[in-house]
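These features come from TrEMBL:
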type: ACT_SITE; residues: LYS117; note: active site, N6-AMP-lysine intermediate
type: BINDING; residues: ASP35, ALA36, ASP37, TYR38, ASP39, SER83, LEU84, GLU115, ARG138, GLU175, LYS292, LYS316; note: NAD(+) binding site
type: BINDING; residues: CYS410, CYS413, CYS427, CYS433; note: Zn(2+) binding site
type: DOMAIN; residues: 592-668; note: domain 'BRCT'
Amino acid sequence: MSASTAILEEVASLRVQLERHNRLYHTLDSPEITDADYDALLARLVSLEKDYNLFSPSSPSNRIGAEPLPGFTQVAHEIPMLSLDKVFGEEDLRAFEARLLKRIEISSEIIYSCEPKVDGVAVSLLYEKGQLVRAATRGDGTIGEDITHNVRTIRTIPLQLSGEGYPAVLEVRGEIFLGKLGFAQLNEQARLDQSKVFVNPRNTAAGTLRQLDSRRAAKVPLQMYCYSVGLQEGGDLPDSLGGIFEALAGWGLPTNPQREVVESIERCIAYCEALLEMRNALEYEIDGAVIKVDSLELQASIGSNARTPRWAMAYKFPAEEKSTRLLDVEFQVGRTGTITPVARLEPVFVGGVTVSNTTLHNMDEVTRLGVRIGDEIIIRRAGDVIPKVVRVLAGSVNPAPRAIIAPTQCPVCGCAVEKEGDVLIRCSGGLICGAQRKESIRHFASRNALDIDGMGERIVEQLVDAELVRDVSDLFVLEASTLMSLDRMGVKSAEKLVASIARSRRTTLPKFLYALGIREVGEATALQLANHFGDLMLLQEASVETLVAVPDVGPIVAEHIVSFFANRANIDLLSRLAARGVSWPAITVVSPESKPLAGQTVVITGTLEKLSRNEAKARLIALGAKVAGSVSKSTTIVYAGPGAGSKLAKATELGVEVADEAALLALLAALETTSDAPKKAP
Ligand code: IVH
């Protein structure tokens, strides 16, 4: 349909009316019509534009978002978008001025523009003939992303500049952010929808701007404060920041009302103090103040470094502290078994996020803080760091204090809790603990353990989450038809995975021992244990005294081994594994003196391509060799790979024999006698 003059006029008038009401509502906070009336006008405009094909980039209909984009386009910033150096106190600000005075000749005081440092996302808006044509993120300062579609939905950003005298090309820079109220509303809605809550306003703003679907962005009440001008052609701009702010505001661009132009660094310091005072009362998050030289001419003569201007400084506020109550302490078991006390708090908004739990790190920290459940405590949080419990609030009353007591049994699997070092505690349940399930299965299947090809982290994750696998023995009863229910798993890959699980049943004792994930039993120790005992039963029954006789095994490792086999659940798991066909060839135990490389000292240097250095070392040790870290006269042979340096030189100098990895592999192949014959240890 082609539009009549009457239609064109109605569309033009609707656009003007809607932008006016938009401004009255969002910027001036004095609406003249109800939301419903606004929505009706907007609906009429959208339908006319659609019927008569009247799209315009500056139409208010853009505010509701459009079809998702296929991807982001990059935008090069002709004038780089700089970042700011930081200072943390008033003395630093005085030092900043002292540095400025060294660079410039000035007879009067320097005038500064003081602005809140809004915690959001730096963006660039490009206006051509007053029309918003492009919006981009800062990116790395040189190249950002085109986010025009999302920025058009931000109600306080004019799609068309108002007033007069704006340059034909005008690039405006500033910070897009989400206010505290908008953030709270969004989270309220998220709770109602039972969807994920947002962590903090800044991440929410950044995430929103990175949406391909602008209809989603339209639902987030983002705002912007403009603070500078980049590109500019055709037109004169004021020669001071103060003047620029006024000009921008005159063209309908949002600027921060909390900014101030002051005439000395002492006044800047006073500004920062006052801003800190009113921080909590502001409707948006700030993380400091920005102090800039006000005169553009002075800015130009002071100049910039590669990434930051010399004429501006971010004054960062100290970390924020708030008081709240410790409601409870839970002990959380990590994926490797470490148990951490986690504080459950009465939710408190501090340093830009709502904190309702945080780590107490360990029991030493609990003791140091002298904290009990029910205490009023001080929480500190700055930037992106984890909130910290600083102390118990002095003089606060705890009507029913409860002591925080470390568990003696793992809260997840009930296995005994062990001490690790002086302060840490951990669950001894390894293979059978629910919290450690994924990690233990991943380790069990890993290359140097049972080497189940195709059993990647993603698969383990799904198998555990779908409760198809509770412990590693369940792997051996998986069927292709079950595996096919997993994400992106076709018939072929399911069958392949079942085949590699089947293959992995036949393993070696060292690999199996390593796969069990006994604490501090790495590949080398596993190999030593296998060669010493030759048989799992014998190892299972070994005492600490017997174990410490094994090379590489100290009293602590010995304790870990004994406690692993003392756990009934582990023994049950071993029998399930045996019943499901996991087996290995027997090993002939040889006394140390009669091992083929007994008495030899070997050094490995440079890169090995076929073997890991640990594996090479373990296999040489198993054959009776000593593996040393440096070359001396007593070195028997040096195996040198590519990149060998000083050790190789030393060997040549001392006349020590040198060979390559191929020779090492040949030696190992010739001497390793593990055979498939079922020999039992004596
Ligand atoms: S001026 C050349 N002014 O802080 C100066 N930045 O650490 C460039 N920011 O990337 C920035 N409020 O995201 C400036 N009033 C303000 C600001 C501000 C927040 C952010 C901005 C910038 C970062 C620098």
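Backbone N, Cα and C atoms are what each Cβ position is placed from, and that goes for glycine too.
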Other CB atoms, at most 10 A from the CB of LYS117 (active site, N6-AMP-lysine intermediate): 21
Residues satisfying Cβ distance under 8 Å from ASP39 (NAD(+) binding site), sequence separation of at least 6: none
DSSP-assigned states of the domain 'BRCT' (592-668) in counts, ordered helix, strand, coil: 30 helix, 15 strand, 32 coil
Across the domain 'BRCT' (592-668), average pLDDT on the 0 to 100 scale: 91
Rounded inter-Cα distance in Å - LYS292 (NAD(+) binding site), LYS117 (active site, N6-AMP-lysine intermediate): 11
All-chain count of other Cβ atoms within 10 Å of LYS292 (NAD(+) binding site): 22
Which of LEU84, CYS410, CYS427, CYS433, all binding-site residues, has a Cβ with the fewest other Cβ atoms inside 10 Å: LEU84
Rounded to the nearest Å - Cα separation of ASP35 (NAD(+) binding site) and the residue listed as 'active site, N6-AMP-lysine intermediate': 32
Same-chain residues at least 6 apart in sequence whose Cβ lies under 8 Å from CYS413 (Zn(2+) binding site): CYS427, GLY429, ILE432, CYS433, GLY434, ALA435, ALA569
Neighbouring C-beta atoms (10 Å sphere around the C-beta of ASP37 (NAD(+) binding site)): 12
Residue from ASP37, LEU84, ARG138, CYS410 whose C-alpha is spatially nearest that of LYS117 (active site, N6-AMP-lysine intermediate), among the binding-site residues: LEU84
Alpha-carbon spacing, LEU84 (NAD(+) binding site) to CYS410 (Zn(2+) binding site), which is rounded to whole Å: 48
Residues among the recorded positions ASP37, LEU84, LYS117 that border ligand 1 - Cβ under 6 angstroms, in sequence order: LEU84, LYS117
Cβ-Cβ neighbours of ASP35 (NAD(+) binding site) (radius 10 Å): 10
